[in-house]
Amino acid sequence: MSVPMLKIGAVLSTMAMVTNWMSQTLPSLVGLNGTIISSEGTHERIVSGLYPGSEEGWQVYSTASDPDGRCVCTVVAPARNLCKRDPRSRQLRLLTEQVQNVSQSMEVVDLRTARDLQYVRDTEPLLRGVDGRLHTYVANPRTLTAKGLQELKGQMSQLRPLLSVVEQYRLDLQTLATLRLELLNLSIILTAIQEEIGAYDYEELQQRVLLLETRLHSCMNKLGCGRLTAVSSPITVRASGSRFGSWMTDAMIPSSDSRVWSMDGYYKGRRVLEYRTMGDFTKGQNFVQHLLPHPWAGTGHVVYNGSLYYNKHQSNILVQYHFRSRSVLLQRSLSGAGYNNTFPYSWGGSSDIDLMADEMGLWAVYTSIPNAGNIMVSRLDSRSLEVLQSWDTGFPKRSAGEAFMICGTLYVTNSHLAGAKVHFAYHTNSSTYEYTDIPFHNQYSHISMMDYNPRERALYTWNNGHQVLYNVTLFHVIRSDG
């Protein structure tokens, strides 16, 4: 099957690309899950099960067909640093090192030649004197006296180092012949690479890669929303902080902004660390500190369009803190919402109100006494924090480990401990729910924060003092113009 066969009504299951679209410092963090997942209702007829390496390009590595004859595919996109892992790039690096070695050798020969040439020039008058006296003695041996012979011996002794200089010249000629051969080989290899690459220079190729990345992002956005079918193996980004906390990137800003925010703890915290890139976060360097005017409760914070949205300590008040101005833009009470461990997730930690963002916008997940402790989902206006619409999911919040939104659907895990799985899904577009069985590896056995980032299509988790990423597999319906 080839990619052009993906037309109207075709179904695509795409592995999300996480850190492949961050600061260039983090490609090695992201690994794609090689498990082949067939969506519900499809035949288990796998046409091709070869999983491509991360250095390959767009690949359809599994296909199947459902009862209606529609194509089901799994596609893996190329890594962002594909160009850096290109074998030709390695060749060019080796060639650069060889050129440097040749240059250094030529510098050594040049310095030595200049030094020896100066010595020859300084010795030239003495050499001419000795040569003249020898010609005189040869022409008339009687002119050679004992004193003259002694002086001649002294002059010859002074000229003796000239022999080693001449010998060094001979060796340098051999070195130059070797360097000439190396340069010839380098020229042949460079010509071959130039012919292989074609008329594009490296900078132009880089620009083409950036253009392709932009088009790929655009293509991903056109895919629209999908239903969660699988969660990948965990990718541990860093181990830092206490047992509880949260970390995130902005869910809305352009991908060129790769800042990362970290908030350690769940009780009365006020310190937010802002890292310049994911690579800086991994290394724990290049960060600035924001000191919030009001402390937070829980770990259900979210960064959305340049602002931090969080639950104010010991209240059901939502706060919008703007990072650039370092000021609170808005505060609003979430009417009726429980707080201060009245209706937390199963792990506690004042996790009564969980703010999150997905492709549809900003959401609040919470509960209240009138709802008998069942999870409420409310869509919020990010500019006013007013509730636009609410849904009662019927799922008891205290039985949930964590929750996250993808494409307007709330997904709930059955535990925060080892053996957890995505157990429940509530679809706000149809006000319906279903029980699911989507396992994932809870590597460090205590998740206190789990949020989806729609920009990177990945799950961010804080797991027992470890910051962990998960790729997700979404079930998409592609609608194209042919």
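Along the chain as shown, residues are numbered 1 onward.
Keep in mind that glycine also has a Cβ here, set from the backbone N, Cα and C atoms.
Feature annotations, reproduced from TrEMBL:
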- 224-476: domain 'Olfactomedin-like' (DOMAIN)
- C225-C407: disulfide bond (DISULFID)
What count of other C-beta atoms do you get within 10 angstroms of the C-beta of C407 (disulfide bond), across all chains shown? 19
With every protein chain in view, how many other Cβ atoms are within 10 Å of the Cβ of C225 (disulfide bond)? 17
Averaged pLDDT score, the domain 'Olfactomedin-like' (224-476): 94
